[in-house]
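Taken verbatim from Swiss-Prot:
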type	residues	note
SITE	R20	site 'Transition state stabilizer'
SITE	K27	site 'Transition state stabilizer'
SITE	R161	site 'Positions MEP for the nucleophilic attack'
SITE	K217	site 'Positions MEP for the nucleophilic attack'
Amino acid sequence: MKDFLPAFWAVIPAAGIGARMAADRPKQYLSLGGLTILEHSLLCFLDHPRLKGLVISLAVDDPYWAALPCAHDTRIQRVDGGSERSGSVLNALLHLHAQGASDNDWVLVHDAARPNLARSDLDNLLGELADDPVGGLLAVPARDTLKRADSSGRVLETVDRSLVWQAFTPQMFRLGALHRALADSLVSNVSITDEASAIEWAGQSPRLIEGRSDNIKVTRPEDLEWLRQRRSEFGR
């Protein structure tokens, strides 16, 4: 009998340049513990038995990818990235559809510069959302006091942090639903900052799955220094 259980795919949008790092190359190709940030971001998925494959969206003129050992891994499929994150993810989804993936399959979108994803967080996300009608994302409840500001940088009010979460990745949604949400938002010229915001715009409510706070995205030089120090301390 044919198995109709949905498959799980990973998508890594990696076409950005990370200008705030002020580095000589895109931040995903900076070194962290003997590997690039991007390689660390990929490994958690490549080592997971439930993942069927991985699609990475890269800049058309990317000169760094081909030199990495993982570029020759048959589990990884490369597509061209877009000018924005949403376009890069959409190109990966189009590729999955072209390869015969089902609308009912799950897609986990993960930041290329988020190299510290714990296996336990990935396992928990898969376990909690595999039967969810919408999908969801790893997130962390806000810890610090939050202020809403006006355009001049002055405080308007203090925000109730008990209702605020910081969105992380992976973000996990059905292939068909995410494809439609991203495509429709692009046609409507809606600003989409992550996959969850596209699903929200489509009228759905993604579920928040609490993850580890050290699953940080490398955005500024101090983020990378923190990760290097942490890996040095824990021998990773």
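For all residues, glycine too, the Cβ spot is worked out from N, Cα and C.
What Swiss-Prot annotates, mapped onto the structure for a quick look.
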residue : record                                           : DSSP class
R20     : site 'Transition state stabilizer'               : helix
K27     : site 'Transition state stabilizer'               : helix
R161    : site 'Positions MEP for the nucleophilic attack' : helix
K217    : site 'Positions MEP for the nucleophilic attack' : coil
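Taking each Cβ in turn and tallying the other Cβ atoms within 10 Å, the top scorer among the recorded sites R20, K217 is K217. Within its own chain, K27 (site 'Transition state stabilizer') has G16, I17, G18, M21, I37, A113, V218, T219, L224 as residues 6 or more apart in sequence whose C-beta sits under 8 angstroms from its own.
Counting only residues at least six positions away in the same chain, the Cβ atoms of P141, A142, R143, D144, T145, L146 sit under 8 Å from the Cβ of R161 (site 'Positions MEP for the nucleophilic attack'). In this structure the alpha carbons, written CA, of R20 (site 'Transition state stabilizer') and K217 (site 'Positions MEP for the nucleophilic attack') are 12 Å apart.
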